């Protein structure tokens, strides 16, 4: 192969040709490498030689280049650190910093010296005042002042004793006792009406039947005679304006859109919207039948025929504090006699059947109510039994049923259930007492496990 290169004058294998003593004259770049022109040592025949390197660096050459670059970087970093140290040294030795340190030390020493002087002056002043008071107490004027102070103290003590005795005498008088009782009654009413709204749920001390009274509060309530004249003003169907009003509500686009927005607002679960409903409920009451069906007006009118003092807010408060606790506690504890008194026959049979089966197996009810809230009036409806008001509310319960051995057979004592109830309460028109007139006509419930 070297002989062929010598004959042609060009070569692509420089190592072998160099071993033969051939010298290079020139080189040319070709697509697959480099070609070198060569001649013999005597110089009479030019030769060419090609070397294909592929323009690639070897592993060692690349490693050496990387080492050189790292050394250059380290050198630059060392120079930067050296410059930084030189600048820090110059700043440390600058006149401005030295002057600032001297001023700081001067201020600190002056502060310590001033504190010591003030402490000494205060001690001297205290000693002078003590000596002056001692000298004044020895003089006639000081003795008179001391005696006057002691006399004033005795007089004040005697006055306090007199006021205390007078207060005891006043407290024993009939007028003061009557005033105190009045104040306590007002305080109790305020606590019941205001604080009772936000307080935690408390189980009734005794579950009462519908026909019983829980205390003097119910006995003192005035029972009205039936009033045959309707006190509520309702637009009658025979009125010439009724058909126009009906057409307006059914065909007006703006009114229907507004009514749809009102329904979405009432059904929203947003916390902010739920908190603002207290104000809008008042507005709805003022607007009357604009957002309520005619059937609700008929139901309220029928109730007012028997109970002219009926009020929606007071009715909801009665449900929250009296009706719901008694009925719901009887349901979860298996008090069948209480349920039978509060419920209609069909509702009682529906609720009593599982309770009777559990008692037949010897099971015991250990459920409890944690809270009752969000009591609201959903709608009204006229039924054969009488006017019906449908209420909704939420309750937090812990449902537990145990066998005679104490083992839990149903429920979980560590799990809180949030129940959504829908109750239909019917007004017994034959019962004049409002606290014994409402009976449970129907019930519906759904439950979800409360995580927090």
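Glycine is no exception: its Cβ is also placed from the backbone N, Cα and C atoms.
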Check: Between 35, 114, 128, which does Swiss-Prot record as phosphothreonine?
Finding: 128
Note to self: So one of 20, 180, 367 should carry the feature phosphoserine according to Swiss-Prot; which one?
What the structure shows: 180
Next item on the list: Would you mind checking how many other C-beta atoms are within 10 angstroms of the C-beta on residue 128 (phosphothreonine)?
Entry: 10
